[in-house]
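What TrEMBL says about this protein:
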BINDING   85, 107  Mn(2+) binding site
TRANSMEM  321-340  transmembrane segment
TRANSMEM  360-383  transmembrane segment
TRANSMEM  395-412  transmembrane segment
TRANSMEM  450-473  transmembrane segment
TRANSMEM  485-503  transmembrane segment
TRANSMEM  515-535  transmembrane segment
């Protein structure tokens, strides 16, 4: 009832662009809404703190006291960085008002699916053998409403379920941004040497003995939530969630492990938490691009897992974090293998061993070994053959979209040429998009540059495979081109949704016409450039 009432009020306020007196029921609400002036903007506004429920007197319909529920909107200013999600997570307001020893961090679209989860968490945090060094307990990220074959690989079984089980045998899994219980003390220095905050009331040992509605408590809460409070403090560097990266979860857990803390992975049959997933390809790859840029920020910082991490965590943990931090470099081999063998196949030039040569079997072994291991991993955590296939397809697609553009964007920004904007992943559900997603149809629709390399690769691979088939049926000697034909054919098979979006669909989710035109011109240019280059090399070798 409270939610529905709030929804009506919010919609009315948005329509009117003002908060009228009929919706202000008490003095505290008036104080909060008085801050909403004409100059109030999303990125420039004062602190807003509103106590919605107070556990000292607010009760439910059965007469039981309700828990505290407090709305906090940090003060923001165009002149002071607010550090995105990491800044919102930092715990100064909660320390002043309650200072609870355990903190659950949760994405806005996630919800609890098991009421026993806090009890399971307390079993670990109350264990005397673990208590002194356990920083957080990470539950796997799982989602509802996922297409039955998970066409966009949005469950990310490798980073969210498989890899954490391996890291659990070392210092523990990394924090993945949601579904994680933290010990507050872990965010204030290493296990043996706590870091004292600038204000004593923010210390994890401080006991709050004042009501949350008291003027003193509210004044201090507004102060620590202001946009200028953290300047010249240890927040984000030595205390709290760590700044300096768009992936504050990865960065924070990495630094905590370096400081000597451990973590645990609690993977139960019943999902502790469930959330939403992107239902369009653009939202999925754009989300991944943001993660990749953040991972680069950690990889090339002074806290790089290769240098800093190996000193403080040991070789195996540093390799585990390095695997994530440098994962965007997979765009290099994916790009080469998506274009070079195909362009040489179009020109009937062999670059791989012949089927009759021993090196051919090494390629086959590596290919089958890599895919076979990944297939086994996916099946053992409850996946299906179709989901495994879609995971492989998305691995290739991300290599030409998310990781490629993240690498370019990070490089340009490092050179001072370009900057990025933080964009949230859209979870707004469009009925037609939702219908196509449920049917397993890829959703393009957005004329984004992200889709240009993907479409170019699809076009070149298609014509390269046709050229190879033509040569084979014409009786040409194709022995030296066998591996190139196999590679090209597998990519064509993976790109079937792209071909459908280019030529066979008329709905709003098809590939935009401007992307098709641009990609066609780029494909033709690449073909002629490769032909000219190969012709020049052949001519030079003859002379």
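Cβ atoms here come from the backbone N, Cα and C positions, even for glycine.
Under a cutoff of 8 A between CB atoms, and with a sequence separation of 6+ in the same chain, the neighbours of residue 85 (Mn(2+) binding site) are 177, 248. There are 16 other CB atoms within 10 A of the CB of residue 107 (Mn(2+) binding site), with all protein chains counted. Each of 360-383, 450-473, 515-535 was scored by its Cβ pairs under 8 Å to the transmembrane segment (395-412), and the highest score goes to 450-473. The listed stretches are 360-383, 450-473, 485-503; of these, 450-473 has the most Cβ pairs under 8 Å to the transmembrane segment (321-340). Between the transmembrane segment (450-473) and the transmembrane segment (485-503), the number of CB pairs under 8 angstroms, six or more residues apart, is three or more, so the stretches are in contact.
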